[in-house]
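This report concerns only the one structure given below.
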Amino acid sequence: MARIQLITTGGTIASRPGGARADVVAEMTGADLRASLHDPLEGIDLAVDDFCRVGSSAIDLPLALSLTRRIAEHVARPDCDGVVVTHGTDTMEESAFLADLLVPGDKPVVFTGAQKSADAPDTDGPRNIANAVRLAAAPQARGLGAMICFDDEFHAARDVTKTHTSRTDTFRSGEHGKLGEVDGTDVIVHRRPLIRRTYAMPARLESEVDLVKLGLGTSDRLLRALVAGGTKALVIEGFGRGNCRPVVTEAIGEIVQGGVPVIMCSRCPEGRVKPIYGNGAGKDVARNGGIFAGDLAGVKARILAAVLLGLGEGPERLRADVQFFGG
């Protein structure tokens with residue numbers, strides 16, 4: 001019998017309207033979620049650990065690190081074959097990527113949740129949990145790292161992103177594609193992720209890593225204000241291949257010279273950044289010390305930087321590892 005640990009954190013999957021204002025809030029326990037399953041999950045023993053009960057928009061880096069530690073503790077137990085984490089969808093991809101970076105071993109770690117609250121007649125929560133549990137129990141899922149299982153598909157933590165505010169098929173991996181699918185009781189793996197690396201569990205994450213998305217005419221004002229406010233690293237979602245206005249590129253050079261690393265991603269949902277264009281654009285960003293992150297999403301680059309800086313790594317290790325994860 002497979003022994004799977006369910007860790008609950010709240011989110012829409014555990015939410016119902018409540019109180020005088022009928023706000024939708026996370027209130028269901030892990031036992032409630034387990035009792036809601038329509039699938040008997042024969043041959044699987046499902047234990048419950050109530051970690052917290054919040055919407056994922058309220059999760060910060062210290063709480064995400066505590067969750068990752070809890071996952072690692074369960075994974076280390078010989079009587080645990082895999083872990084499923086129920087989590088709000090808003091920041092699920094970031095928590096999953098953090099777990100992918102820090103949880104050792106080959107046991108499956110599967111994040112799931114819901115887009116429709118538990119009181120909805122067509123709530124997607126019970127099916128998503130059942131699919132995630134089957135995935136975590138499948139021998140062929142070992143070595144895939146942390147994943148998100150949603151709407152009958154599962155995706156690599158590095159690649160996946162929430163693409164729609166409300167649809168149940170919100171999680172996609174763009175041009176990389178899903179890792180596989182859950183079809184009833186069958187778990188089918190289509191591909192295995194190659195860009196993976198795990199780190200020692202840090203005592204803390206560097207919380208002062210900021211993410212800035214550029215828009216038409218964006219100046220250097222926000223970047224300089226963040227540095228003055230104590231940021232330890234900047235992630236910029238630039239235009240296209242990693243381009244900026246010349247005034248922003250100039251600021252990047254000064255910021256890097258001042259000891260704050262700058263990571264360049266794209267605001268495009270697909271494709272890689274690459275220093276190609278001159279006249280203050282990507283080529284000059286690279287000359288000024290910007291780190292180009294390949295096709296790694298900005299939110300994932302921020303998590304990676306928070307881990308590496310939390311471990312005390314310097315700018316050269318940060319550059320090398322960002323480029324590794326960028327593909």
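Note: Cβ is positioned from N, Cα and C throughout, glycine not excepted.
TrEMBL entries are annotated by machine, without manual review.
Database features (TrEMBL):
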ACT_SITE  Thr12  active site
ACT_SITE  Thr12  active site, O-isoaspartyl threonine intermediate
ACT_SITE  Thr89  active site
BINDING   Ser56, Thr89, Asp90  substrate binding site
DOMAIN    3-193  domain 'L-asparaginase N-terminal'
DOMAIN    209-319  domain 'Asparaginase/glutaminase C-terminal'
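Where TrEMBL records a feature, it is marked here on the structure.
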{"residue": "Thr12", "record": "active site", "Cβ within 10 Å": "26"}
{"residue": "Ser56", "record": "substrate binding site", "Cβ within 10 Å": "22"}
{"residue": "Thr89", "record": "active site", "Cβ within 10 Å": "25"}
{"residue": "Asp90", "record": "substrate binding site", "Cβ within 10 Å": "17"}
For the C-alpha pair, I'd like the distance in angstrom between Asp90 (substrate binding site) and Thr12 (active site), rounded off. 10
In this predicted model, the domain 'L-asparaginase N-terminal' (3-193) has a mean pLDDT of 97
By the DSSP assignment reduced to helix, strand and coil, which category contains Ser56 (substrate binding site)? helix
Rounded to a whole number, what is the top Cα to Cα distance in Å among the residues the record ties to substrate, namely Ser56, Thr89, Asp90? 7
Cα-Cα, Thr12 (active site) versus Thr89 (active site), nearest Å, comes out at 8
Roughly how many Å separate the Cα of Thr89 (active site) from that of Ser56 (substrate binding site), to the nearest whole number? 7
For a three-state summary based on DSSP, what are the helix, strand and coil counts in the domain 'Asparaginase/glutaminase C-terminal' (209-319)? 44 helix, 20 strand, 47 coil
